[in-house]
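A.B. asks: Questions regarding the structure given below will be posed in turn.
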Amino acid sequence: MEAQPVSSQEDVVLDAKPLRSLAPLFPAPYGFNTTFTSFGSAPAVCVSPFGGSSSLGNGLPSGFASFFSSSEHANQSEAGARGRAQRAKNRNPAANGSYRAMTVHADDDPDYTVHTSTSGRKIKRPKDLKKYDVEGSDSDGLEGSSRKKSLTKKPRKSTELALIPSSLLDARNSAEEILMTFDALRRKLLQLDEANEASKRSYMKAGAIMMSNDLRANIVKRIGPVPGIEIGDIFYFRIEMCLVGLHAQIMGGIDYMLPRLTDIDETSAISIVSAGGYENDEGDADFLIYTGQGGGCSSKYDKKQMVDQKLERGNLALERSLHRGNVVRVIRSAKDMNLINGRIYVYDGLYKIKETWMEKAKSGYNVFKYKLFRELGQPEGIAVWKRTEKWLANPSSRSGLLLSDISSGMENMPVCLVNEVDNVKGPIHFTYSTKVKYLQPIISLRSLIGCRCISVCLPGDAGCSCAQQNGGNLPFCANGFIVSRKHVLYECNNFCSCSINCRNRVTQKGMNLHLEVFKTKDRGWGLRSWEPIRAGTFICEYVGEVIDKIKVNEYGEEDQYIFKGNYVDEKTLKWNHGPELLGEPSINDSEISKPLPIILSSKNVGNVARFINHSCSPNIFWQPVLHDHDEREYPHIMFFALKHIPPMMELTFDYGLSNDNVGWSVAGARQPKKCLCGSPKCRGLFG
């Protein structure tokens with residue numbers, strides 16, 4: 001309910017107390033049943049996606065009560081309704097006595113507030129993004145607490161927006177699409193901000209737009225695993241974890257849920273983030289000593305303890321989770337080596353609190369300590385990071401090492417060869433090269449026109465000819481990430497006045513990741529990285545010999561290293577989605593997926609890209625790039641990260657299927673091959 005826009009009453013704060021007795025109902029998505037079971041004697045609740053059907057009661061599990069009111073309750077007397085309303089006013093319960101999903105106060109940054117809409121109606125695009133906050137509620141939801149009355153005005157929404165659809169039946173795919181949309185939106189906003197020399201907090205703006213348009217998953221809080229999120233998944237912004245329901249607090253380290261089944265407050269901790277803000281003991285990969293929240297000064301930049309911590313809110317929720325024995329999701333963090341103050345968040349799985357105590361911190365004030373142990377039988381999370389950190393410091397310590405650098409120093413970083421599967425000593429012989437071998441010398445190909453930028457190309461410079469070739473904007477952000485996939489991307493060339501440090505020379509600088517070629521169990525040799533790879537990062541070029549189409553059949557089934565540029569997978573096409581939320585026109589998928597005649601073979605001459613295997617759910621994509629000639633039919637094939645990739649995850653792209661309508665073959669064979677990618681979306685064949 002909004003006040004009328006009367007200028008004389010602009011500063012009047014409405015008293016909305018009567019509305020506080022209302023709580024939203026969150027029906028489960030189609031195909032999912034969401035249940036919350038208390039740890040006490042209170043009844044469990046079953047939420048059905050089909051509403052309060054009379055037939056629902058017969059189908060409920062034993063001991064579960066329906067979330068929806070029956071017709072009998074709906075026809076209660078007016079006096080009874082007033083009584084319930086009065087009790088609701090005093091206790092502020094959630095609807096029907098269920099757990100209520102609520103956002104608790106974030107301690108570290110009072111300047112931001114997350115706005116979440118859960119309506120099913122069409123959403124309109126916000127006009128003024130600067131008025132949007134992106135953080136949690138000001139109230140901790142405890143008995144007797146008072147909510148702060150916000151004077152922040154919601155932005156008006158001006159135009160109808162067709163939301164990007166996501167699969168409700170594939171939780172993993174939905175989570176990936178949401179994160180992909182967020183990052184596409186963030187990159188576009190960053191590109192616009194850099195061109196206009198505006199504020200560069202693009203992730204805040206992108207998060208606010210995603211929230212206001214209901215583009216998020218797992219809105220209802222839960223204890224335990226989160227659908228669509230896997231152990232080892234990495235995040236570069238806290239808002240990403242919020243959008244997929246892993247951790248709802250943008251800044252707060254402890255997230256908890258508040259059941260309202262009784263008069264007694266019974267909060268339960270559901271997730272914690274160990275990000276280095278307090279004196280945590282990371283221990284090893286199996287346990288963590290976590291410091292409680294609170295007690296700091298008002299500045300978010302000064303982490304010095306100023307007062308004793310109190311047993312309230314998140315600290316109290318952790319204390320109660322100890323006694324109940326419920327699992328807690330743990331997100332650890334690591335230093336992002338590419339940013340001065342950057343951190344990478346790693347989902348490390350489920351832990352249980354085994355011990356708690358209070359001790360004096362270095363500041364002399366008391367803090368709460370919680371010792372958590374990791375549940376057994378889970379995939380590795382932070383343990384992988386700890387191993388790769390040792391290898392980066394001492395590459396010779398890598399077990400199964402066959403060769404320290406198969407590139408013989410030709411790459412910027414050594415590429416080791418590893419086999420921990422069998423006794424094979426290496427792949428078949430080939431000549432390692434970092435340059436594509438063309439049918440004719442490059443000097444005979446059509447040349448590019450150079451820009452006249454001094455030192456480096458700057459965003460927003462209308463006089464930069466390289467920017468104009470790319471549609472008016474430089475294709476890379478200042479940190480080197482590609483903004484969006486194009487049919488052909490133009491980098492600066494030898495005729496340009498700018499230096500090698502120009503932001504538009506990303507792929508020319510070569511590979512800058514610590515990669516290893518490793519033996520897989522059933523797919524030959526593969527490629528992976530010792531370092532985390534952020535979405536949009538340049539990985540490597542596909543190097544080989546350019547061959548005529550006529551000669552493809554001569555290579556036949558013996559050549560498993562032929563690349564044809566005829567196919568762009570659906571996931572790569574979705575990578576560009578997101579700018580539509582800014583009111584920009586959709587990118588023409590048919591334009592960026594036009595087939596290219598180039599055919600490369602890395603059988604005899606190649607680089608690390610020849611070891612990249614196929615997957616029906618890829619994590620990298622290929623992008624045509626021109627920088628040393630202007631023959632659009634024969635560009636360089638460059639690989640970029642499709643999403644955030646944790647260390648030691650195999651790098652894969654979608655080869656396609658030769659008998660598809662799009663028709664291409666990566667293996668040169670006439671018959672498709674059996675796919676062993678293991679993806680839930682596996683097509684069964686490729687090539």
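Glycine residues also receive a Cβ, built from the backbone N, Cα and C atoms like all the rest.
What TrEMBL shows for this protein is this:
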COMPBIAS  147-156  compositional bias 'Basic residues'
DOMAIN    224-374  domain 'YDG'
DOMAIN    449-510  domain 'Pre-SET'
DOMAIN    513-656  domain 'SET'
DOMAIN    671-687  domain 'Post-SET'
REGION    75-157  region 'Disordered'
A.B. asks: Based on DSSP, tally up the residues of the domain 'Pre-SET' (449-510) by helix, strand and coil.
C.D. replies: 8 helix, 4 strand, 50 coil
A.B. asks: Work out, from DSSP, the number of helix, strand and coil residues along the domain 'Post-SET' (671-687).
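C.D. replies: Taking the domain 'Post-SET' (671-687) as a whole: 0 helix, 4 strand, 13 coil.
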A.B. asks: Counting by DSSP secondary structure, give me helix, strand and coil numbers for the domain 'SET' (513-656).
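C.D. replies: The breakdown for the domain 'SET' (513-656) reads 27 helix, 44 strand, 73 coil.
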A.B. asks: So what's the average pLDDT for the domain 'YDG' (224-374)?
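C.D. replies: Taking every residue of the domain 'YDG' (224-374) together, the mean pLDDT is 88.
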